[in-house]
Amino acid sequence: MVAGPAICGRGSQQQLINQVLTAVIKDYALDTKLATSATTTWTPSLVTNILKSIPRLLFQSPRSIGRQHTHRHRPPLKQRYLNNTPPLGPAAYRDPQRVALGLQKAMEFYYWVETHFHFQHDEITCREMAIVLAKANDLKGLWGFLKKMARREGQNLVTTQSVTCLIKVLGEEGLVNEALVAFYRMKQFRCKPDVYAYNTIIYALCRVGNFNKARFLLEQMELPGFICPPDTCTYTTLISSYCKYSMQTGSRKAIRRRLWEANHLFRIMLFKGFVPDVVTYNCLIDGCCKTYRIGRALELFQGMSKSRSVPNRVTYNSFIRYFCAVNEIDKAIEMMRRMQEMKHGVPTSSSFTPIIHALCEVGRVVEARDFLVELVDGGSIPREYTYKLVCDVLNASEQSRLLNDELHKRIKDGMENRYKQVMKIKPIMRKVIL
């Protein structure tokens, strides 16, 4: 008897959300007539859901929705500029008319709820409206909106957490200089930056390769008596960025320099008394393995036991990929068996795939088939390319009978189910006539 009204309440809320979003998409007026049809009480979560839905419906580009039939890797994020330059990054292929419509209707809805229903906006709804402005790249409107909300007395709508979320969104949009402006303007909105705000802006700077400015902020945090001293996450962010983006330079000298910087920061962490966690070790080990510094990677792997950091599947996968790349397949298999014996993780497709590919390349067909069977028996489904590679190698060596019909059916059914699950999350883009 209690569940009935709750279900009805959720149904009426969803109906109201659909009505407002229909008015937004079709550019209908949010007037008194629509307000009279709303019988549900407005809550902050309801307003937040509507504001979150507007960018998802109107701000995305066709290239970012649905399944793309390509094997091209996404290029690294670069700094964007808004002054008479062609858009780059996430906003390159958006429809400017739809973005302008979404921004206009979001602002109209924000004040419509406040006017017609006497709804009191809180920090969450104000933050969500500011995120809509940031995703629309309307920075002038964003600063004006924040100033207006900060002047409201007794409500405390603009907080440190809100500005930190804006820094994160601007960094994801490639507007890192604007994110840095937001970081330095926190005092204007009576907000004090905390460690999480520093970590967010440092990560945004590292994503576009501005390591000098990120390192300057770290040195500022390391000053004696500074209000926001760095933590383990601060060093891990810089270390992972040095290791991740070193390979994108294409210069051996730059790669060596950034790996040296990552190891130098790691030693500074230990000197200052920080205890590196498994994420820090994984970033350094992966960077060393990708740059063929296996000695340093094994040294870090042994140091994990001394610092009581338990390796996980990500740690072992870095070694497995390295040993398969240098054609030391037996050592890769030994690392995977060690992971299973020490119970540091369960090997999945990411662990088996490099080994299977390496075995097929050197002609060890039977072993590749055995690892494929072990992968399927463990509850994982191989990738289509891996499955096709094993089948082709078995057919070329006239040993196709090693894979029976039952195993073929299990793999194909698993691939089909995986495809259906992915398409539920990322449906194929269809042309919608509004």
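Cβ atoms here come from the backbone N, Cα and C positions, even for glycine.
Remember, TrEMBL labels are computer predictions, not curated facts.
As recorded in TrEMBL:
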type	residues	note
REPEAT	159-193	repeat 'PPR'
REPEAT	194-228	repeat 'PPR'
REPEAT	277-311	repeat 'PPR'
REPEAT	312-346	repeat 'PPR'
REPEAT	348-382	repeat 'PPR'
Contact set, same chain, for the repeat 'PPR' (312-346): CB under 8 Å, 6 or more residues outside the stretch: 278, 281-282, 285-286, 289-290, 292, 294, 297, 301, 304, 352, 354-355, 357-359, 362, 364, 378
Across the repeat 'PPR' (348-382), average pLDDT on the 0 to 100 scale: 91
Positions whose Cβ lies under 8 angstroms from the repeat 'PPR' (194-228), at least six residues beyond its ends: 76-79, 160, 163-164, 167-168, 170-172, 174, 176, 179-180, 183, 186, 234-235, 237-238, 241-242, 245, 258, 261
Residues in the repeat 'PPR' (194-228) grouped by DSSP into helix, strand and remaining coil: 24 helix, 0 strand, 11 coil
For the repeat 'PPR' (348-382), residues assigned helix / strand / coil by DSSP: 27 helix, 0 strand, 8 coil
